[in-house]
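Asks: Sharing a structure here in structure tokens format.
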Amino acid sequence: MTAEIIDGKAFAARLRGEVAEQVAVLKRDHGITPGLAVVLVGEDPASQVYVRNKHKQTLEAGMESFEHRLPAETPEAELLDLVGRLNADPAVHGILVQLPLPDHIDAEKVIAAIDPDKDVDGFHVSNVGRLATGQAALVPCTPLGCLMLLRDRLGSLSGREAVVIGRSNIVGKPMAQLLLRDSATVTIAHSRTRDIEAVVRRAEIVIAAVGRPRMVTGDWLRPGATVIDVGINRIEDPEAGKTRLVGDCDFESCAAVAGAITPVPGGVGPMTIACLLANTLTATCRAAGLPAAEGLTA
Ligand SMILES: NC(=O)C1=CN([C@@H]2O[C@H](COP(=O)(O)OP(=O)(O)OC[C@H]3O[C@@H](n4cnc5c(N)ncnc54)[C@H](OP(=O)(O)O)[C@@H]3O)[C@@H](O)[C@H]2O)C=CC1
Ligand SMILES: Nc1nc(=O)c2c([nH]1)NC[C@@H]1CN(c3ccc(C(=O)N[C@@H](CCC(=O)O)C(=O)O)cc3)C=[N+]21
């Protein structure tokens, strides 16, 4: 069997197109322009690439983009102060503080300072709790993107066996919550899971969010499984003499067994940014007391 390759890049482009249409309607009918503020502390090269892409795609969707680049040694109090000003700014509908933050800054404290209604990452405990209890939440972008790809391919997820590998607050746990909300039967595997291969082999849906290059190999998979590879790992490529990106799944061997698989790059990554724009639109609509656009929320 050769897996269908799930084109996250193309899906994300369509999603951004839908967001742009809704933004145009908001502007025309209500005179509102959604605004997204992105805060980057320090000069992590990977983060700089993401922030640049976010900025460009925010503008392309017709939204306002406010970039705040602070030096690595910025005191925590100064960052909290900036978050407070963004909370109070009516032109800002979404706030994202790029993670990881430098060691002297307590990320939990910073996330807690963001107005939950502007928390387009969905990391604030209020949004975590709303998602877990089935209330209207802002849902973390990466799991939301994964869910959209799964629904597009499989239709209903009800009753399906899903295994999420990884239990981080930003990917694994919210992914499991979303699958559960769609009535999948959800297992979360992690570094203490015994016989992880046997656990993964049960799954019709595998979400790999581990951060270990090519850990999941084809022999772990149930034939025909849908595999969503969240991993973004930069590795040395001696043949090309430079670095390249690989996922948490060994693409070649997995594609020989899976029914469908997302590539890295070009899979989940572009969906994350498209969902960030979708969340910003959702936050803007809710702030204005308007219904959120259908198909752009979970
Ligand atoms: N495409 C995108 O948009 C995004 C991609 N990513 C990528 O996704 C990956 C995961 O990110 P993130 O969730 O933040 O990572 P974390 O490091 O926060 O979490 C990794 C999880 O994997 C588990 N784990 C580690 N080693 C093993 C193992 N050998 N077997 C089973 N489980 C293991 C850990 O278990 P334990 O809890 O027991 O330690 C942990 O729960 C990374 O590659 C990251 O770059 C992240 C965000 C967005
Ligand atoms: N507050 C916060 N929110 C985040 O959502 C967040 C974060 N911090 N910190 C870092 C991670 C990682 N992340 C990615 C976004 C896009 C791609 C992406 O577009 N990837 C491209 C490749 C990009 C490249 O070539 O480097 C792809 O997979 O095709 C990847 C990873 C968001 N994150």
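Note: Cβ is positioned from N, Cα and C throughout, glycine not excepted.
So TrEMBL has the following annotated:
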- 6-121: domain 'Tetrahydrofolate dehydrogenase/cyclohydrolase catalytic' (DOMAIN)
- 140-286: domain 'Tetrahydrofolate dehydrogenase/cyclohydrolase NAD(P)-binding' (DOMAIN)
- Gly166, Arg167, Ser168, Ile232: NADP(+) binding site (BINDING)
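Thinking about packing and proximity, how do these listed features fit into the structure?
Replies: For the domain 'Tetrahydrofolate dehydrogenase/cyclohydrolase catalytic' (6-121), the number of residues in each DSSP class (helix H, G, I; strand E, B; coil) is 62 helix, 19 strand, 35 coil.
Look at the domain 'Tetrahydrofolate dehydrogenase/cyclohydrolase NAD(P)-binding' (140-286): DSSP puts its residues at 57 helix, 32 strand, 58 coil.
A 10 Å cutoff on Cβ-Cβ distances gives Arg167 (NADP(+) binding site) a total of 18 other Cβ atoms nearby, all chains included.
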Asks: Tell me which residues of the chain lie with their Cβ under 8 angstroms from that of Gly166 (NADP(+) binding site), as long as they are six or more apart in sequence?
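Replies: Expected: Gly172, Ile188, Ala189, His190, Ile207, Ala208, Ala209, Val210, Gly211, Val230.
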Asks: Sorted by position, what residues of the same chain at least six away from Ile232 (NADP(+) binding site) have a C-beta under 8 A from it?
Replies: Leu245, Gly247, Val264, Pro265, Gly269
Asks: Once near-sequence residues are set aside, which residues in the chain of Ser168 (NADP(+) binding site), 6 or more away, have Cβ atoms under 8 Å from its Cβ?
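Replies: Listed in sequence order: Ala209.
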